[in-house]
Amino acid sequence: MNVVGWTISSVAFIKAYVSPSHRDDCKFSRSSIYDFHMGIELNPRLGKDFDLKLFTNGHLGMMIWTLIDFSNMAFQYQTYGRIDKSLILVTILHILYVGDFYVNEAWYLSTIDIAHDHYGFYLCWGSLVFLPVVYTSQAQYLGMHPTSPSDAYLAITFGTALLGYAMFRAANDQKGYARRLGNQARIWGKPAEFIHASYLTLDGKARASLLLCSGWWGWSRHANYVGDLIFSYSLCAVVGSTKLVVWTYAMFVTAVLAHRCLRDEKRMSAKYGAAWDEYCRRVPWRFVPGIL
């Protein structure tokens, strides 16, 4: 996959100069090295319908996670004659996360990776090589070093991971539900509360939007990230080891989401102005109320 990542990144870089899919979306800098790394085209396509970014970041990249997990299960069985519960549970949690992508693919199209980040080596190689290696570090460790935590420990850590996933999914679903129904939406048994915001598109047209401040989005400004972090740390805890490699995934997710949080808020402030300031006043906590 290392070779594939470099090859596709190179194809995307050359294509941006020779035959860009959407010329107006191209972003050039003064450095070819920077452009290769960060990307020029936003959503490059091969032909009319084959979206390179969605294929590598989503379909192929996510599929590799489960293939690595199954390979480590096979290795553990071949080496030790058994598959431990901890590895089975880690694999189940990965399948849940990957399955969420396929079930909610339309939601994924609105994320920063797809909607805002240009497609270069950073996204392509990162999705095909770096993320599959880092995100499956628990399964790789367990394949070579089986652990035997107690059933009670596994139940608690696995259950907490499921709760984190439920929070992540519920928060994202609430926002989608509120966008669809607008003022008719009800969240947690009450009429949804919104801040009415306006913004200008790149071509100067005025648009209106609703900033949800009910449910999870009235609890904190990034409740979906909190759920993701609970899931990540609980997944690592399932392994039952304090080895640094086991926790690499959770630490990386923490750094990514912290950076993404700041990017989100900077972009929202520039887009919505006073309406975003009012939202921050009504929902003052970024992650956990009273803490951060």
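A Cβ is built for glycine as well, from the same backbone N, Cα and C atoms used for every other residue.
Straight from TrEMBL, the features:
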type	residues	note
TRANSMEM	54-75	transmembrane segment
TRANSMEM	87-107	transmembrane segment
TRANSMEM	119-138	transmembrane segment
TRANSMEM	150-168	transmembrane segment
TRANSMEM	230-258	transmembrane segment
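In terms of C-beta pairs under 8 Å, the stretch of 54-75, 87-107, 150-168, 230-258 lying closest in packing to the transmembrane segment (119-138) is 54-75. Beyond the ends of the transmembrane segment (150-168), by six or more residues, the same chain brings 85-86, 89, 93, 96-97, 100, 216, 223-224, 226-232, 234-235, 237-238, 240 to within a C-beta distance below 8 angstroms of the stretch. Counting same-chain residues at least six beyond the ends of the transmembrane segment (87-107), those with a Cβ under 8 angstroms from any Cβ of the stretch are 58, 62-63, 65-66, 69-70, 72-73, 76, 135-136, 138-139, 142-143, 146, 154, 158, 161-162, 165, 169, 172, 176, 231, 235, 238-239.
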